[in-house]
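Student: The structure follows.
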Amino acid sequence: MTADTSSGDAAVAGASAGAEIHWFGGRFWGVSESLVGTLTPRISGEPDLHVGHFYGSQEASDLSEPDYEGLPQGASTSTHMLAGAVAGIMEHCLMFPIDCVKTRMQSLQPEPAARYRNVMDALWRIMRTEGIWRPIRGLNITAVGAGPAHALYFACYERLKKVLSDIIHPGANSHLANGAAGCVATLLHDAAMNPTEVVKQRMQMYNSPYRSVLDCMRCVWQREGALAFYRSYTTQLTMNVPFQALHFMTYEYLQELLNPQRHYNPSSHMVSGALAGAIAAAATTPLDVCKTLLNTQESLAVDSVSRSGRHITGLGHAFRTVYRLGGLPAYFKGVQARVIYQMPSTAISWSVYEFFKYMITKHQHEKRRIQRDAEK
């Protein structure tokens, strides 16, 4: 689908199953009607408009569009949930092979065949020795969990960010509010995502004994009980609360520098998301290593610390086990893969989220404008 701008107006023609997105002057020009209806994205040369501000005549005000950051009028909670769900699914699906490598590189006592030099070496060897589909084993359960988890995550964050900002720093952005909103949103996200993480990481491990996702879920339930799906929840929160607080504060700070008007700007969302993800990922890698150990209950690690084969339980137990088996360097196993995963992952997540939030909000505005015109 292409946009015809020869007369100075942008029109979206035809309908397609996907979206063909063209970058021009930092703007998206084409978008599938199947996703958000017949839309006219803003093009370079159009005036930047804010919520509650209109320029020119009444006709110009009818054609104006709200700033997509205008939460009360511009984007409802359902908009944030829909945009967040799509962003979460795309983020996890596109980056899943790297996530598989990260899980394996965090193994404390890997088999000789599962010792990798770097991310690319790991990907190549996994596909060559275990099959081309092995790096995406467990993708289905991840996609199922990522949708609702990210819907809650972004909707909660956007709502609390505004409420807390109005309390802490009325009329302006507050980094403290951003961090606090990110922490609370993480509680909901991890509650929905933690069982998925347990199954996913067990499917990703080298020589995983499970035939399928359902087989893994049944075995974990029968052998370890229902609580096994939340064994790493406190560790996950201990890792993700500071991760998301740092992530959101860094993202919002970079947005103030790169996009001070807070308009829809794909390049600034991508750069801010990538840098925020990289910084937060590197800082919280030790906690991620412990979370992986708690989720996978890596057999060699468990056997080496307990002859009885007792499960590793709790963050303190995991920290002691990691140090006993590998010393301080073990806390940063897989840091390269984690940063490589998080940079594009958060860039994709924020870019897709902001894109859909912008387009859905614009579509809602267009519908309201058409309704007003019909009533005249």
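Here the Cβ of each residue, glycine as well, is placed from N, Cα and C on the backbone.
Copying in the features that Swiss-Prot gives for the protein in this structure:
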- 75-163: repeat 'Solcar 1' (REPEAT)
- 77-96: transmembrane segment (TRANSMEM)
- 138-157: transmembrane segment (TRANSMEM)
- 173-257: repeat 'Solcar 2' (REPEAT)
- 175-194: transmembrane segment (TRANSMEM)
- 232-251: transmembrane segment (TRANSMEM)
- 264-359: repeat 'Solcar 3' (REPEAT)
- 266-285: transmembrane segment (TRANSMEM)
- 334-353: transmembrane segment (TRANSMEM)
Student: Suppose you look only at the repeat 'Solcar 2' (173-257); what would the mean pLDDT be?
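Tutor: Mean pLDDT across the repeat 'Solcar 2' (173-257) comes out at 90.
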Student: Under DSSP, the repeat 'Solcar 2' (173-257) has how many residues in helix, strand and coil?
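Tutor: Going by DSSP assignments, the repeat 'Solcar 2' (173-257) contains 72 helix, 0 strand, 13 coil.
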